[in-house]
Amino acid sequence: MTFYRIGVDVGGTNTDAAILDVQAAHELTRGVLASHKAVTTPDITSGIEAAIVAILKASKVDRSRILSVAIGTTHFINALIEADATRLDRVAVVRLCGPFTRQMPPFSGFPLGIHNVLDGGAYYLDGGLEMDGRPIAPLNEAQVRSTARKIMASGVRAVALVGVFSPLDHDDIYEEKCNAIMLDEQPELRVVCSKHIGPTGFLERENATILNAAILRTGHNVKYGFKRAMKRLNLTCPLYLSQNDGTLIDAETAADFPIKTFASGPSNSMSGAAFLAGLHGEHPKVRSSTPSSLNGDKNEGVVEPQILVVDIGGTTTDVCALLPSGFPRQAPGFVEIAGVRTAFSIPEVVSIGLGGGSKVEIASCPSSSASSSASSSASSSASSPSSLSSSPSSSPSRSSSCTTSVSVGPSSVGHELLAQARVFGGPTLTATDIVVAEGSIQLGDASLVSDVPVETRQAARRKLNLLLETVIDKMKMSTAPVHVILVGGGSILAAEHIRGVDKCIHPIHQGAANAVGAAIGKICGEIDTVEILQGKDENAVIAAACEKAIALAVSKGAAADDVKIVEVNKMPLQYMSQVTIRIQIRAVGRPVVPVERSSSSPPLSLDSRPVSPLPSPLASPSLSHPHTHDDTVSDQQTDSDRINTSHASFPSSKPSLGVDIATYRPDVRDGVWYPSDIDLEFISTGCAILGTGGGGPTYYEYLKSLKALNSYSRGRMRIISPTSLKDDATVCLGAWYGSPSVINERLAAGHEIIDAINALNKMRNIDRFDGVLADEM
């Protein structure tokens, strides 16, 4: 019996859909029965419905045989990037920390615009754990109830609950208990517990919890919108959303944890590309010949090529490297979402502003006596990657009398391509017009671009090639041969041969690779925990964690015979009183395919959860949304949701992003440097590079310095050279001792080093001092 899966990917320009026969994956068609590209609509669901209707009509499948619908969307992250107050809620941050963490308050490091939109107040309560699992202070129920009443009185409904070392709290004595008390006192609160969001690393986990709480209401509205669309389409199968790592999560859990779906687009494109290219999670082997250093003979060997996926859309081009497992290479270290530092695992992607809708702009100059041959113009363009300003190639019988400067992107007509591009009767010259004018493809009305000069076409082509070659070079990790899989609706822009690329692969249905990636997504069981090994065998602890990850994947809908452990990480935490390790286990498997499902079988309920979810940050379904019936839910905010919701009237990005580094100069007067927030960011980056990680990340010290800078009048923070001090000057210093992994979880109260310096000065009878010396870079 044949079964099918539908995948949908919602981008900023297009919404793609594809339907697959799950038992025909090894055929030449890869089991793809139909694919369709629709324009993304402002309400999202209309575009999804249009795309699914098209593939159902083209494939003519029995809808009762459809096993699942998987959707990847950028809706949530777009709300944060745009600091859209209509889709975001103010968040009250409740820390269970005892006397600690005051030095870096919540929202530290948030861009000012999104900070103003989300800041719903900070509350410091008793609770939290020490690094060895001992309590910092017992939970105070009266304190928790009082705080819940204060939050409600302020008009805030979303709460981020963050306890120190909460990933160590396996007995749920702090965050979960506090959550239950708050909801008992004020049932209308929407509380998210940080232990379900991220690992140790207090600030990054808190930031992610804040973002999740802010978008929680929108997450449930989007879920209801998707379910209404499926109901109108008469689809009764389970609904999944794509996660950041390319695996699937059921819609109910995704609505509770929308932050886990923020970066699903690139993951879908990459995994879909690998599937359509027939890689099956394994890289092909190619022969490589290297000359012998002794006799010049060639030593033939087999090497594994680098597999890069180039996804060219309507506005941007994303490039990612594929691992032998078939999953995208993950970004190292921290990840910034809308300028906010978090610790999520997302694909390492390099993006440029090049797509099918990229605008082609031409700047011509007056005629001059100088002329350039075709060969010299090509040489000029190749030697100046940053800007293409060269004499275009011409026929031997003609020479160019003018140097034409052509730019392609980053501005784009986006989803208005069909109305704006010249081949469709629009007024704007786009990259798509160029490839049609070249005769490379047949699209729209080619006669509408027949007047584009040959010089312009050739100059634009060189620019297109240069942009692609440059971004591909950035993703190369070795000298191994490079194989590129070209996908996306804008893949028509790529030339027959790309310099530096050994092989270009154009898979079938390449324009819908992202939707195919969503459809073939696997179910993931992930364990990320901190374990104290006192009296335990390390191998047994890791084996138990692996079994738990496999069981979690199976409980969420993965086929038991297909689940495999694909990642095991163990990291010892230093300077701990007991041997402690952080364990990360990841198990994945394909969704289970039923042996038989009769057409007379009862349909799967849209409201039922087909698999066991992750622990929900919400205590009861009533907290997810005040409505219980899908058809009565509005995607708009209610009046109560709008209380005290501000709009971003300040930039929602780092101040340094708006600075011309080449011309920027710090404020230095009479030998004294008066640093700004931009200076502190640059100093932090420089110290991180020169200090090579000694003393831990510089980011936390940057935030402390930023708080100090903003807490006093301008001019209080000053930097001087040691040579400007008098010989009898008194200089103080203070330092922390311990593991950064511990200090960065149990954040300081802020007065420790100050108290130490004051105590020492009192012993030395020192009333005043002249400066503070940083003892470590």
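Using N, Cα and C of the backbone, Cβ positions are placed for all residues, glycine too.
Keep in mind that what you see is a predicted model, and the values were worked out from it rather than measured.
According to TrEMBL:
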type	residues	note
DOMAIN	5-171	domain 'Hydantoinase/oxoprolinase N-terminal'
DOMAIN	205-283	domain 'Hydantoinase A/oxoprolinase'
REGION	370-407	region 'Disordered'
COMPBIAS	594-611	compositional bias 'Low complexity'
REGION	594-652	region 'Disordered'
DOMAIN	679-777	domain 'S-Me-THD N-terminal'
Could you put numbers on the helix, strand and coil content of the domain 'S-Me-THD N-terminal' (679-777), residue by residue per DSSP? 44 helix, 5 strand, 50 coil
Just give the helix, strand and coil counts over the domain 'Hydantoinase A/oxoprolinase' (205-283), going by DSSP. 51 helix, 7 strand, 21 coil
Given the model, what does the mean pLDDT over the domain 'Hydantoinase/oxoprolinase N-terminal' (5-171) come out as? 91
